[in-house]
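Reviewing the structure listed below.
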Amino acid sequence: MSDETRPHRTAAVIPAAGRGVRLGPGAPKALRALGGIPMLVHAVRAMARSRAVSLVVVVAPPDGADGVRLLLDEHALPDRTEIVVVPGGETRQESVRAGLGALPQDVTSVLIHDAARPLVPVDTVDSVVEAVRDGAPAVVPALPLADTVKEVEPGKPGEPEPVVATPERARLRAVQTPQGFDRATLVRAHEEIAVAGEGATDDAGMVERLGVTVVVVPGHEEAFKVTRPLDLVLAEAVLARRRATDAY
Ligand SMILES: Nc1ccn([C@@H]2O[C@H](COP(=O)(O)OP(=O)(O)OP(=O)(O)O)[C@@H](O)[C@H]2O)c(=O)n1
Ligand SMILES: C[C@](O)(CO)[C@H](O)COP(=O)(O)O
């Protein structure tokens with residue numbers, strides 16, 4: 001079967017194996033409550049809300065896959081979406097690779113979505129899926145920046161850092177997830193691109209290093225990443241507003 005006639009199947013991989021150090025002490029971030037429900041459950045529901053996504057692979061903390069499976073079984077999730085749980089790794093990149101390894105043969109495109117972005121709207125998910133299905137090998141949702149950004153020469157902790165450049169803000173975008181990929185392209189990036197230390201901060205960056213074009217579609221303010229304590233305050237407020245106005 002040629003690529004044009006092969007049926008599309010889209011899966012989402014949710015890396016959820018991080019500790020959440022910047023959020024402060026407590027359970028792994030993905031398991032912390034947002035509106036009384038673990039952040040991970042919100043993220044799985046956000047992917048499952050897209051009719052294009054028929055499989056979600058959750059990448060759990062390395063020693064927590066059984067616990068995450070039990071937790072997901074306790075919450076209502078759509079029957080039409082298959083959910084698989086695998087253990088993750090020490091870096092985000094290792095965790096994503098573990099998720100990719102769990103995909104069945106028939107999956108043609110993959111979304112990688114942070115558990116830490118629990119409130120991404122379904123329209124954002126669908127616009128990423130659509131761009132991949134239309135032929136883009138790599139797609140990221142993104143927003144223009146409100147702040148001016150400086151490039152600095154990192155110095156010693158506590159010392160002022162010299163500014164080396166001010167990139168033109170109009171050309172910058174803050175990138176979110178889900179990031180969508182042609183499966184073969186993303187797998188190749190994870191096989192060929194080695195990133196030292198903490199690993200790559202996003203998957204699209206690895207695909208860029210292959211020399212493959214990554215395109216941007218509009219992101220959404222509510223797809224923000226819960227990273228620090230103030231983000232959790234904002235997420236609770238957004239969720240409370242949704243619950244008051246939607247059947248959420
Ligand atoms: N070894 C890791 C590290 C991160 N992640 C996941 O990657 C996403 C984005 O990472 P981030 O927001 O940085 O989460 P943490 O690594 O948990 O945060 P921190 O850096 O504050 O510890 C999260 O859903 C996180 O669970 C992962 O699956 N495996
Ligand atoms: C993938 C990502 O969410 C895109 O903005 C981001 O790079 C993740 O970074 P983190 O430091 O691992 O949270």
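The chain as shown is numbered from 1 upward.
Glycine is no exception: its Cβ is also placed from the backbone N, Cα and C atoms.
Neighbours of ARG22 (site 'Transition state stabilizer'), defined as other CB atoms within 10 A of its CB across all chains, total 13. Annotation source TrEMBL lists site 'Transition state stabilizer' at ARG22 (among others).
Residues or ranges marked as site 'Transition state stabilizer' by TrEMBL: LYS29 (among others). Here the Cβ of LYS29 (site 'Transition state stabilizer') has 25 other Cβ atoms within 10 Å, regardless of which shown protein chain they belong to.
The site 'Positions MEP for the nucleophilic attack' annotation in TrEMBL covers ARG169 (among others). Just so you know, the Cβ of ARG169 (site 'Positions MEP for the nucleophilic attack') picks up 12 other Cβ atoms within 10 Å once every protein chain is counted.
As annotated by TrEMBL, site 'Positions MEP for the nucleophilic attack' applies to LYS225 (among others). DSSP assigns LYS225 (site 'Positions MEP for the nucleophilic attack') to coil, not to a helix or a strand. Taking Cβ-Cβ distances under 8 Å and a sequence gap of 6 or more within the same chain, the neighbours of LYS225 (site 'Positions MEP for the nucleophilic attack') are ASP114, ALA116, ARG117, GLN176, ASP231.
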Secondary-structure category, per DSSP, in which ARG22 (site 'Transition state stabilizer') falls: helix
